[in-house]
Every structure is written in structure tokens, then in C-alpha cells.
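Peer 1: One structure follows; several queries about it will come next.
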Amino acid sequence: METYLNQNFGGVLPKNSSEDALQRWRKVCGVVKNPKRRFRFTANLSKRWEAAAMKRSNQEKLRVAVLVSKAALQFIQGLTLPSEYTVPEEVKAAGFQICAEELGSIVEGHDIKKLKIHGGVDGIANKLSTSATNGLPTSGESLKIRQEIYGINKFTESVARSFFVYVWEALQDMTLMILGSCAFFSLIVGILTEGWPKGAHDGLGIVASIFLVVFVTSTSDYRQSLQFKDLDKEKKKISIQVTRNGFRQKISIYDLLPGDIVHLAIGDQVPADGLFLSGFSLLINESSLTGESEPVFVTAENPFLLSGTKVQDGSCKMLITTVGMRTQWGKLMATLSEGGDDETPLQVKLNGVATIIGKIGLFFAVVTFAVLAQSLILHKLRDGTFLAWNGDDAMLLLDYFAIAVTIVVVAVPEGLPLAVTLSLAFAMKKMMSDKALVRHLAACETMGSATTICSDKTGTLTTNHMTVVKACICGDIMEFSGPGDGSSMRSQLSENVSNILLESIFNNTGGEIVTNQHGKTEILGTPTETAILEFGLSLGGNFKEEREGVQLVKVEPFNSAKKRMGVVIRLPQGGYRAHCKGASEIVLASCNKVLDSAGNAVPLDEDGAGLLMGTIENFANEALRTLCLAYMEVEDEFSANQQIPTDGYTCIGIVGIKDPVRPGVRESVAVCRSAGIVVRMVTGDNINTAKAIARECGILTEDGIAIEGPEFREKSLGEMMELIPRIQVMARSSPLDKHTLVKHLRTLFNEVVAVTGDGTNDAPALHEADIGLAMGIAGTEVAKESADVIILDDNFSTIVTVCKWGRSVYINIQKFVQFQLTVNVVALIVNFSSACFTGTAPLTAVQLLWVNMIMDTLGALALATEPPNDDLMKRTPVGRKGNFISNVMWRNIFGQSFYQFLVLWYLQTEGKHLFGLEGPSSDLTLNTLIFNTFVFCQLFNEISSREMEKIDVFEGILNNYVFVGVPLRHRHLPIHHRPVSRRFR
């Protein structure tokens, strides 16, 4: 079976599956009772084609718009343009001078001409009644009025399905329709031949069973849909920095309105259409909207920003102009949301299992009907009544047909693929409370197979609460234990040195110091930037004064590939100065001078460089992250179009930043090791810092290797093959190094790789990995979009919890498959063998419908919701090659089936003698006993399936209230067998 599944249903990957693979398994899938229900959680490929066509259309529109705007710009330069726009009355009455449609046509069409007519970006801001400095006023009803005129920043979503829609879909089951027809004819013939109410028993019994099955099925499906709805709400909680009422604050992107001033940085997603106000080196990736991979520079000359695109480099302030469904992104997302997520590999495999079992069941159903019909015909031939058929004979044939159809109902395990979804939905909801937000269903099951975790250091293994604890300024090492040490440290520095140092700290930064709406000072930026800015404040610096005292000419934000950032400022007395900050050894290599204690720039000789390198190494050995600050005077004129110099700098000093290891990380790494999962640390830090942290976490062992990214890059493929299995730490790594490591682990060593990331440049590695884990606190929106799971507390221990839940999902589904296949096998063999040897079927249509309900809903609910236990992390991972239906499962399936068949067959053949049954009701009593025995066998089988290998199947049973509740429902099953007055005896 496993070979067949791999050949026909094995092409679907946890993510990024090819369209061919998604199409292929759909074609192979057969014997489907209810396509609407079975394929509910599979991708809608036609909607995806629609979205792809929309992307191509957007690409062409933008290409034409850019060409037209360039031509228009050349034509209108120097001309005075007349205004031809008329403001609608309702817009004017609301206090605005431009409507939503006009704004949309300007930005989406890249219409430079219209923009000029309206007075440029400043003119648009005025017409929207907003301030580029203070943002929107939020007093009174102003926001509500603005919302009524311009709309909200939400895209249209499909209407939530009501409970009755699920009832209707459950009724679409083909076999239930056939049984309904049988029930109808049974009612008519029964009432005509035996009268009311005796003749209606059989028909009404089937109808009641159908309605109960439909009710239980639709209730289960509806509750499941509510769980997914709650999870979708969590996925959409995205905040953005805006200025309102003159204060910086975070708001939901769904609360944005035209006129809002939004602050964007590397890794942010543009939340709505708008215009560039100010910023530096802004590079926008529009591939999500247009499919075009080449990034676009956005400047004052090309100020158009489109919703859904991503900031690849630089930072800016933007003016929101168009929101929600008026943007192309809103329309695209509305289409994409209907496309759904890819089906998971387990869903596809279980569709394959359902197809195989369904075909076998169909064969047995046909043969069973043929055997039963043959026995009736032979009996009539023996009695000489073959040509004399009556209502009883017709009812008997109808009964046989209903039994055959019901065998198909039981044999086609529609519940298998849906059990995966049930288990995944249950796990996803529970994982939310464990601080992990699953974005893609497949990540749950894949995480259970993970063999390697490539983890970042900062914020994942460490707390991400950084503080400067040491500094080497002018060759003197100073310790810093708190804000109170700042003034004494500054007193040891000359005025010139402290001025240069503060100028570097407050200007060469990606962070900001602002006053929030509560009047409190707040530091915005990454933890590293926050630590440096706090250090500057403790030295007595003033962020606002330093910024206002100079003019920023050019900013090159920090880049994980360059490991540095730089700015050029225009000094008040004239002239330009460049500041550089970044990885200590990289920035120090760009320096040829150093500041002495008097603040003079003196040549940096070998001894001085050696002293500074020794300081860097000592700081790193103390597990400190080190940064070097440097500056240089720019003698010639400098413009924003020029590159910031890369060498010739003067070293100001080295700072050592402490980022403590998170509590519990060492224990979590030990749990991973016992679970057969290798943990590797990939960081941009100095190798000595990385090794010190890795040893503290228990990652770096005696036989492990720590290597730097540049050295790893130079290795040949053969050398990498030898090195990679032993690499435990990769320091000074670039995003490309991380991507290469992940790719080789997956392709060359067949590892199932989970990788963490928080930045824009981590997106390729997150995309390449089997499971991408983005940090929820420190992660950028680009990283989160590329990830499969968002770790909401950025904690490595949470990743281990995700692994445990992943294994739990995998094991739970195996348990359910074992349980369901056992019921399938027993039901088929019992009815088939009885039909062949006795000419009767002991399990009737009504009873088999009840059994089907036990399997598809209650069984799935009980077994698929088992919580994880610590023993799961003592097993080796399944990996990429593991068989889903294991040898242990086959042993349990056939062993349990053989035992049940023996018990039921013994009852059928020797039951009357065993219980002393006599008289006309003996058949009725015996068949009632057989059915009840069959039901209790399934109850015991369900309990037995809780543990596939252990003997003690009751361990921890009370921890799962769902499992305890389900067997109680089994007790309410109808224990009677229908009358046998018309049955052939």
C-alpha cells in the first residue's frame, strides 16, 4: 500500500507543491461519496489561476503606467497645468477636497500629471486634511466621517458559512441519497404489504439513522470551521507605526485611513496605497502584487507605493491615499482567499488510503449483494416459486441492496482526510495558547518529522533585552552597570570625544526616541539600536538636539549581508561627515585612524589594531555582542546619489552588548537531543560570541564544529558534505549562507529542516526550509509572511513545544487510521462471510450507519484530540522516509480484526446454543447480541488504539475529556435488531 500511495499520492510537499502534483492526486482519487465534504480543505486551483492572471494583469498595468508617467513627466516639466478636477459635493461637505476614486487613479496609475495638478504630495495631504508632521487629528467624529468617505482598509472576504450549509453538504453524500431512496421504497412497499405502523419500521429506521449521521457530521464540521475562523483572526493581527495627533503610535493596519502618516522600515509590508513623503534608500519589492522580481526605487520623483508590496531596503514616511478594496492588493487578496491553502501531505495520503479501501469496499458490496440475491433466487427455485414474486421478496431484495450500499458507506473512509484536518485544527488552537501561531496547516504535521532545527541566536536563544555593559573608548575599557554610570563615564571622556560619540549614536541609527501619546519617552527600533540609544541617553545626550543640529544627507540602513550601516550628515558649520557602525572586525578593518584620549585622530598602527582586536575577542569570549563605531570627514561635496565611503574611517570605540540566554533553553536543547533532533545555531555575530552562547545553551559539543560564513562559502561541495553533519555553529553568516546550509541539509542529507528567522533577508531560508519559523516580536512582516509558524514569544522552548505538538498530530492520525481500518476490515469480512455461508447479513443498513457515525465523527474526535505527552520527545523523528502505516499498525489492525471476527463468527454460529435461545424471536435476539458485541468491540478497539506499542492503554486517559466523553455516547446506540419477519431464513 505504501508504494502505491507514494507513486500516486506522494508528490504533494508540505509547501510549494507543483500544480502538476496537486492535479495528479485529484485525478487518481476515486470512489468519493461526498466530494464537497471530502475536498473541503483542499486548494481551489481555479481561483488560484484567477489570482495568477490578476498578477499578470497588474504587472502589465504598472509597466504601462510607469512608461506613461515618464513620458508625462518629460512633457509637463516647466508647464503650468490647469485643474480639471471637480470635487464631489459629499466629499466637499465632509471637509475634503479630493475623492477616493481620484486618489486611486493617481497612485494605481502612477499618474504624475494628475499628481502635479493636485499640487504634488503636499497638495494631496492638504486636500485630505492631514499634516505630514502631525498626522491625522482623531478628535470627535473625524475618523468616522473619513471612513464613510474613503472606506476601510479591509478586503472582502467570503461570507462565513452557517450551520445549515454544512447540513446541506452532508446531505450531498451519494450513498446516503441512495439509502434515502431505499428507505422511501421500503416505506411504500412496507405500508402496502404490512400496513401502518408495522410496515414503516424499516424505512423510518433508515431515515432516522441518515438524519442523525447528517446532524452529527455537520455539527462536527461546523465546530471545526469556527476553530479555523478564530485562527484566521489571529493571523490578521498586524500592527504598523503611524503618527496621529503629533504622536507616534502602533495601530492595526485595518484601522488605517487615507491621510494617515505611516512609518515604514526594512521588512514591512506596505499596508495601503500611498505616496512617499520622506526617507532614504527606499527599495520596494512588488513581486507579491505583480510577479516582477526586480525591486523598484521609490523617491520623491517616483513617489507611488502600492499596498501589499514589501520594503526590501531603506525606510520612509508615507501618506496613505487609498485603502481596502479600492486597491489592487485588496482585489487580489479577495481572490486569493477563495483559493485556500494547499492540502497537506497527510491529507493527500489519507485520500489515497480512502480510495484504496473504497475500491475494496465497493467490490465486497457488489459481491455481498450478488451472494444474498443468489441465495434468495436459489431458495425460490427450490420452492418452485421463482415465477411468483411478492412484496416480501421485493422488500428482501431492497434490504440486500441497502446492506450493500451501507457496506460502501462504512468501507469508504471519508473521515480519514477530515480527521487530519480535525487533528490539525485542534492542535493549532492549543498551540495558540502555547504562543505559536500556525499559518499553514501542513506545518503542524511536518514539524513532527523535523530532524534539524537551524536557530537564530538573538531573541530566540537569548532574551533580546540588550544593554551596553562594556565599552572601549580611546583605548580605555569602561564597565557600565546601569544608567547611573553614564555621567561618570562621560566625565572620563574629553568634550571632543563625547561630542563625536553622541553624534554617531543619535544620527547613525535605525531607531528613534519619541514622546508617545501618554507623554512618556519611548525608544523605537531593534533591541540592538535600543541598547545603543539608551547608552547615548545615559551619557547625557539629547536625541532631538543632535538630530536638529545636523542635516541627514544619506542613510544606508543596516544590512545583514554587509553587516554595517552608515550615514552622511551635513555639519552646521559646513562640510560633511560620514558615520559607520556594525560588526566590529568588519568596521575596524575600514579604519586607518583611532581617536586618542584628547579626541585627536591618530594613525592606527599594528599595535593599536591588535589591542582593539584583542578587546573585541575578550568581549566576545564573555558572550557580548560587539559593535564598532567610526567616522570620517568627507572633504568634497556630497549628494544623496553618491555611495557612502567604505574605508578611511577613524575608530571611535567598541561597545559590548549583553543579551542573556533565555531561561530553559539549555533544557530545551537537551530535550531536542533526546528526541533525535539536531540543533544548529546560525548567527551574524562574532564567532567567539557565538561559541560562548552555544556552549551556554548546550548546542556546541566536543565533537561539533563552529565555522564562519565566509569560510563556509569557500568550501567545495565535497568538503561541505564532510563538514555539514558536524556543523553546530555558523557565525558571521549571511542570509545566503543560511539558505545554502538549509538547502544542502534537505537535498544532500534528506533532513527535515526547521529554520528560524526574523528579518527580510531570512525570507529565502524560511521559504526553502520544510518548516519556516518566524519570530513574532522581533520579526518583520516579510519574515512572518514567508513563515509557516510564528513563534509569538520568540522563545526557543516554544519551538520544542511545536515539535511535540507536531509529533502528537502525526501519532494521533496514525491511531485513528488504525482504528478505522480495523472497523472497515471487520464489517466487510463479517457481512461478506455471513452472506456467503448463511445467506444472511447480521449487520443491517441501520446498524452499519451507526457504526459509520462512530468511525467518522466520534472516533476521530476521540483519537485525533489526544494531547501530547513527554514520551513523544523520547522517540526518534519519523523523518522524510518513514512509512505512515507502520508495521506495528498492520500488526494491530490484523490482530484486532482477527480477534473480532472470531468472536462475532462464533456468536453467529454457536450463539443460540451458547445462550440457550429458542423460539421465533431467537434470530432477533441473537442478531441484537451480535450487533452489541460488535459495537463494544469497537469501543475496546478505540481504547486499545490510544497506544500502538504500550500494553497499558489506560495511562493518561483521564487527561483527555473528549476521549472520556465519546465512549459514553456509544452507550446510547440502539441495541435492538430490526424484526426479521420478512428476512429469508
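Backbone N, Cα and C atoms are what each Cβ position is placed from, and that goes for glycine too.
Those TrEMBL annotations? Automatic predictions, nothing curated.
Feature table excerpt (TrEMBL):
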- 5-49: domain 'Calcium-transporting P-type ATPase N-terminal autoinhibitory' (DOMAIN)
- 118-185: domain 'Cation-transporting P-type ATPase N-terminal' (DOMAIN)
- 174-192: transmembrane segment (TRANSMEM)
- 204-222: transmembrane segment (TRANSMEM)
- 238-335: domain 'P-type ATPase A' (DOMAIN)
- 356-377: transmembrane segment (TRANSMEM)
- 397-427: transmembrane segment (TRANSMEM)
- 821-841: transmembrane segment (TRANSMEM)
- 841-965: domain 'Cation-transporting P-type ATPase C-terminal' (DOMAIN)
Peer 1: With pairs fewer than 6 apart in sequence excluded, do the transmembrane segment (356-377) and the transmembrane segment (174-192) have three or more C-beta pairs that lie under 8 Å?
Peer 2: no
Peer 1: Count up the helix, strand and coil residues in the domain 'Cation-transporting P-type ATPase N-terminal' (118-185) according to DSSP, in that order.
Peer 2: 37 helix, 3 strand, 28 coil
Peer 1: Mean pLDDT over the domain 'P-type ATPase A' (238-335): what is the value?
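Peer 2: Mean per-residue confidence for the domain 'P-type ATPase A' (238-335): 87 out of 100.
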Peer 1: Count the residues of the domain 'P-type ATPase A' (238-335) that DSSP assigns to helix (H, G, I), to strand (E, B) and to coil, and report the three numbers in that order.
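Peer 2: Taking the domain 'P-type ATPase A' (238-335) as a whole: 18 helix, 47 strand, 33 coil.
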